[in-house]
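**Student:** I have a structure I would like to understand better, so I am pasting it below and will then ask my questions one at a time.
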Amino acid sequence: MDRGRVLEQLLPELTGLLSLLDHEYLSDTTLEKKMAVASILQSLQPLPAKEVSYLYVNTADLHSGPSFVESLFEEFDCDLSGLQDMPEDEAESCKAASPEPAKSPSLRHTADLPPPLPNRPPPEDYYEEALPLGPGKSPEYISSHNGCSPAHSLMDGYYEDADSSYPATRMNGELKNSYNDSDAMSSSYESYDEEEEEGKGPQPTHQWPSEEASMHLVRDCRICAFLLRKKRFGQWAKQLTVIKEDQLLCYKSSKDRQPHLRLALDVCSVIYVPKDSRHKRHELRFAQGATEVLVLALQSREQAEEWLKVIREVSKPVGGTEGADVPRSPVLLCKADLDKRLSQEKQTSDSDSLGMGDSCSTLGREHGKGKKSSLSELKGSMSRAAGRKITRIISFSKKKALADDLQASSTEEVPCCGYLNVLVNHGWKERWCRLKCNTLYFHKDRTDLRTHVNAIALRGCEVAPGFGPRHPFAFRILHNRQEVAILEASCSEDMGRWLGLLLVEMGSKVTPEALHYDYVDVETLTSIVSAGRNSFLYARSCQDQWPEPRVYDDVPYEKMQDEEPERPPGAQVKRHASTCSEKSHRVDPQVKVKRHASSAHQYKYGKNRAEEDARRYLVEKEKLEKEKETIRTELMALRQEKRELKEAIRNNPGAKLKALEEALATLEAQCRAKEEHRIDLELRLVTVKERLQQSLAGGPALGLSVNSKIKSGETANKPQNNVPEQPLPVNCVSELRKRSPSIINSNQGRVLQKAKEWEMKKT
């Protein structure tokens, strides 16, 4: 075959293949190869003689039917192979002799094609807007610019042969240039003013070629658009906003895999603020409680009403009756209705607070004896209702800050937090991860716990270790067999600890030993499984022991005085504040705690809590030690019986062999169960000992002494008033209080003495 004829058949087929690849999700390497093939294809395609100086192929028309080259020549009835090149003089003479023929339909189709893109970047005020996507509609783009460029200056999915100064643009694929990205566009975009839009004339609308070409982010969504989102310090950034199911998702760019912000609409209040003299844009304000979490700017009132309609539909409870046809969102009001309601609240609150004193205050103002005006009256631009709302927001933020500070201070004692690498937009980022209430929170830093970057509800999820040989300590969190998050630990112990904690928080019955581990050797696998088992058993025991979160003052009730002699020996706690025998040894008689039937269950914050904790942990420790000894004895008996069975199997290879083997298997299963129970007891015993040490560490500072278990023979030999051999730690403040005033240094109290002297001089 002729080489030219082969190229003539190959080029349109390659062009069609590239257009089909536009609709598929490709990896970065495959995408680079496809772009390289496209550039080579552009350089190899034959150019029409002296008619076109560059090549333009619109792949939007190539997704089905004949190729682009075939469509140009499908209506010619002549044989193209018989055509030959004519010399220039003959061509000019033919052109002068014959009039210009009428254009065929195919040539008219060629002339109707959109002109090629300019060889310069678009102006600074260029921006693109995605129309709202309703049910059964295809996504659409609106391209807007102030210049007088042709109407179809931007098409979806094209290949061009232009200068290197013009960056390649792909609207439907993964690759986008800097001026089409949402972060860069947010700085060049100025306003949503309707006056400017009216002066621009009709805007061209370009639809995506097919449903297959739509982005994966907007599939199965109720509505989507590129909207302006208000940042922290008042700037506006364009982001892809999507409503899926009952959540609002914000993406910084259409190529992102994870949303930058995820907001549950059923727990938010939405307020629509129309455009007026004070507000330059139509705004939707989303709030949780008294905190405003998101502000979105819309282009027109119709667009805002459409978004509000979708939010109302999403917020309705599923399967509700007519009486329950109220949206779950607490507030869904317009700004005018909100101001009206706030003004009514202001009038009622003013009438309630002033009461009958209005006439007196009016008379006082008329005579010039009224009080000074409040801050809101001096400002003049802020109503009392708005002031009260701001005060509530400030007080709420302070309360939240205090709670978060307390929580941050206690993070060292909680083993359910730490740094993990998180895969975000094809890149790893270090995040402070924290487990709380069956939810995994991601924070930018451990010092900033007030706001979280993302949160994952773990109930119903699964965990799967492994993410390739380059990341042996990575693991994935799956929900309905779809990846929700990909995390990576720093070492094998850290990975095992997180796996055990996540399995407990997910409510899974799978143990860390049952998981399938890849890309690790035997030693690393042993370390991961050991750490995972320890954390799994620790978290499971904590859940069994404390089914509900306990506050610091929540202690069990104290036993009555008539039940105290029934305490087990060796767990006696000396009560300096309640026993009558030790009252005489106290120097400060003012500190007393009376214990009787009416006040037996009343607790003070300090010493009584330490006493109760120490007594409870001592009892629990002894109970666990006894249980451990019992299990050890049973294990020894089972092992002895197992050895005897093995000897019997060796000596009697006959008909009883099968029965002996079954008995041996039963004994081995019992041994394994007892061994697991023993390991569980060991872990619980270690935890109880640590808590006992913590309670005893605060005991001596509060005047608490704990007697450990003493043998009866030693108590008979030693007198009762014997001083302990090792000195107990002493609290300096309590010792100074016990000293007599003569021992205290005389230079104390000079400041008060001087103050009294000055007062005497003044009088």
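Placement of Cβ uses the backbone N, Cα and C atoms for every residue, glycine included.
The coiled coil annotation in Swiss-Prot covers 606-694, and the record cites sequence analysis as its basis. For 582-591, 754-763, the entry in Swiss-Prot reads compositional bias 'Basic and acidic residues'. According to Swiss-Prot, the domain 'PH 1' annotation covers 220-316. Positions annotated as domain 'PH 2' by Swiss-Prot, on the basis of sequence analysis: 413-507. Taken from Swiss-Prot, the feature phosphotyrosine applies to TYR552. Among the features that Swiss-Prot reports, region 'Disordered' is placed at 83-137, 169-210, 343-380, 561-604, 712-763.
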**Student:** Over the span of the domain 'PH 2' (413-507), count residues by DSSP class, listing helix, strand and coil in order.
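**Tutor:** Taking the domain 'PH 2' (413-507) as a whole: 15 helix, 44 strand, 36 coil.
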**Student:** So what's the average pLDDT for the domain 'PH 2' (413-507)?
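**Tutor:** Computed over the domain 'PH 2' (413-507), the mean pLDDT is 88 on the 0 to 100 scale.
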**Student:** Tally the residues of the domain 'PH 1' (220-316) by DSSP class, grouping H, G and I as helix, E and B as strand, and everything else as coil.
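**Tutor:** Final tally across the stretch: 18 helix, 46 strand, 33 coil.
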